[in-house]
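Novice: Below is a structure I'd like to ask you about.
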């Protein structure tokens, strides 16, 4: 059996998230069905992390074991022919037997995008959360800085989480602002969060709380108080799924999966 | 009656073009239905130019006459509430009685986008024509330059056109290349064509012919020969609709419609 590792992007709009669920349309199901059609094997793919319903991936990483003899450089094109237009395999390589797309990952980056101002960008409407009024970007940036470092992220974790520990390290949290579009009179704010692991809904709760900071309902410093409180009830709402994209996953060696 | 002028963007994917057609879903129908719902008036909107089925607009301009007393600054938000997410009115203003969104236009710009390389960008799949191999961009740029100026564009006009004269002036034709996306190993080529008017399928035939130049099937200089031949049969195929976007429309005065 060979361990094949792949980079996959998807538009999550039409899917009930990555992970297989009974009677749902998931990315995992569609990938496994394409692999079955290609190789005749019923396999299970592992991902670097589940993404929720409606969440996208620019660069998800998956791996699976196969007895197929298809050369690794052929997998990409062969699977893309079988996959719908909203899922693209952009890389495939052979991995060590020990490689596990989730456990071997050393860091992941998510991006949450908010478009704020007069009009949404309809060409990006499935990938940007639209906020009709301006946000106080500097206060958001200040608040975001507090989540960098090793913290107990209980406040920014869904109460439905079943993880034993809520301690994670955020290596970098930054906010980038695009220039205003003169026609739409709106601009995109991208929040990038890079960490060693993420709790259930973590980036969406951080984004939802930051939106309240941007609206002036909370100060930037409130992010620190919320973090210290270790209580989900202290944070803001979970921001909508469609603004979130799994941006990048890095591995110790062979970080570039081609 | 007041003459109201609006800037409208739309994702043309789900529509049978701008102009009303029997038993079809068109942008014009949807706009007129929203105006009917808002004002109770059955009106006809005029556009700066029809766009074909599947073609998008970043900045279409329309106008219509209304007896409604709704203040002009309220139209945008009122209509957007009634419109689907793939059509957005981004500006409304009062125009002179003589203003006509097509006849008063002094220049229009269309953009045709080709993504070429290993993988398509699935997040832009409805707005970029995907070409799986690299294109000779410099030859395309050379070929594109020949269409600048006042010419008989019969070669780049659908034989179904009913226009009396095929002479148009292209003020500017330029090609912009985005840097290669390292994950997708592909890049976008944007072809911008600005002119005083466009014939039926003109930009799509220019794009389809330039793709052949990019593929090495024709030289850049072939564009001049095709132009001089004044024969549709000499040009390449009509490029697919979804790569085309009506980018900008300018008027003599009040060029900025807010």
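Heads up, residue numbers simply count up from 1 along the chain you see.
Every residue, even glycine, has its Cβ placed from backbone N, Cα and C.
Copied straight from TrEMBL:
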DOMAIN    B:8-93  domain 'Pseudouridine synthase I TruA alpha/beta'
ACT_SITE  B:52  active site, nucleophile
BINDING   B:110  substrate binding site
DOMAIN    B:147-252  domain 'Pseudouridine synthase I TruA alpha/beta'
Novice: Using other CB atoms within 10 angstroms as the count, which residue among the recorded positions B:52, B:110 scores least?
Specialist: B:52
Novice: As a quick check of your reading of DSSP, tell me how many residues in the domain 'Pseudouridine synthase I TruA alpha/beta' (B:147-252) are helical, how many are strand and how many are coil.
Specialist: 30 helix, 34 strand, 42 coil
Novice: Using DSSP, would you call residue B:52 (active site, nucleophile) helix, strand or coil?
Specialist: coil
Novice: Mean pLDDT for the domain 'Pseudouridine synthase I TruA alpha/beta' (B:147-252), rounded to an integer?
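Specialist: A mean pLDDT of 96 is what the model gives the domain 'Pseudouridine synthase I TruA alpha/beta' (B:147-252).
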Novice: For the residue listed as 'substrate binding site', name the DSSP secondary structure in the helix/strand/coil scheme.
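Specialist: In the DSSP reduction, the residue listed as 'substrate binding site' maps to strand.
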Novice: What is the interatomic distance between the Cα atoms of residue B:110 (substrate binding site) and the residue listed as 'active site, nucleophile', given in whole Å?
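Specialist: About 13 Å separates the two Cα atoms.
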